[in-house]
Amino acid sequence: MAQLLMVTVTFGCISLLYLLPGTLSGSLGKGLRPREPPAKIPSSGPQPGHPSLRPVVWKPPHALQPQGRGNPALATVHLPQGGGSRHPGPQRHVGSRRPHAQLLRVGCVLGTCQVQNLSHRLWQLVRPSGRRDSAPVDPSSPHSYG
């Protein structure tokens, strides 16, 4: 029985890994496609009508520190030269508009959705079927639905 379960789980894992995008098993003999287009090399000067851009400092939203403690250089937003800003001077991070942001579902981070989906699918395949995984019904118990 244990060998049958092991074979089933192994086959399920291999099947799910084969279906994942980006695995080499489905693209043998084909050229690998880059995930991002290559960066364009700018010409020897700024294009007419395109202001030259200053570097943009980006920090993930979950890594921002409370107001007043962070590095002001990281909180500064750099805009295109040429008067594209509504307010003169550096702009500060005002803080989160949602006071309970930790209660919100944040979604996928670094591809963990695929891991969660695979884990859930494996659990569905391996879990005991029927009512064996639920509590037994006891009609005399006040906590039972029976």
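In case you wondered, yes, glycine gets a Cβ from its N, Cα and C as well.
Annotated signal peptide per Swiss-Prot: 1-25, in sequence order, evidence recorded as experimental evidence.
The feature region 'Disordered' is assigned by Swiss-Prot to 29-99.
What Swiss-Prot lists as site 'Required for CALCRL receptor interaction' is Arg105 (among others), and the listing cites similarity to another entry.
The disulfide bond feature in Swiss-Prot is assigned to Cys108-Cys113; the stated evidence is similarity to another entry.
Summarising the annotation, Swiss-Prot assigns site 'Required for CALCRL receptor interaction' to Thr112 (among others) and lists similarity to another entry as the type of evidence. For Thr112 (site 'Required for CALCRL receptor interaction'), no same-chain residue 6+ apart in sequence has a C-beta under 8 angstroms from its C-beta.
Residues or ranges marked as site 'Required for CALCRL receptor interaction' in Swiss-Prot (evidence: similarity to another entry): Asn117 (among others). The Cβ neighbour count for Asn117 (site 'Required for CALCRL receptor interaction'), using a 10 Å radius and every protein chain shown, is 13.
Annotation source Swiss-Prot lists tyrosine amide at Tyr145.
Its Cβ placed at the centre, Cys113 (disulfide bond) has 11 other Cβ atoms within 10 Å.
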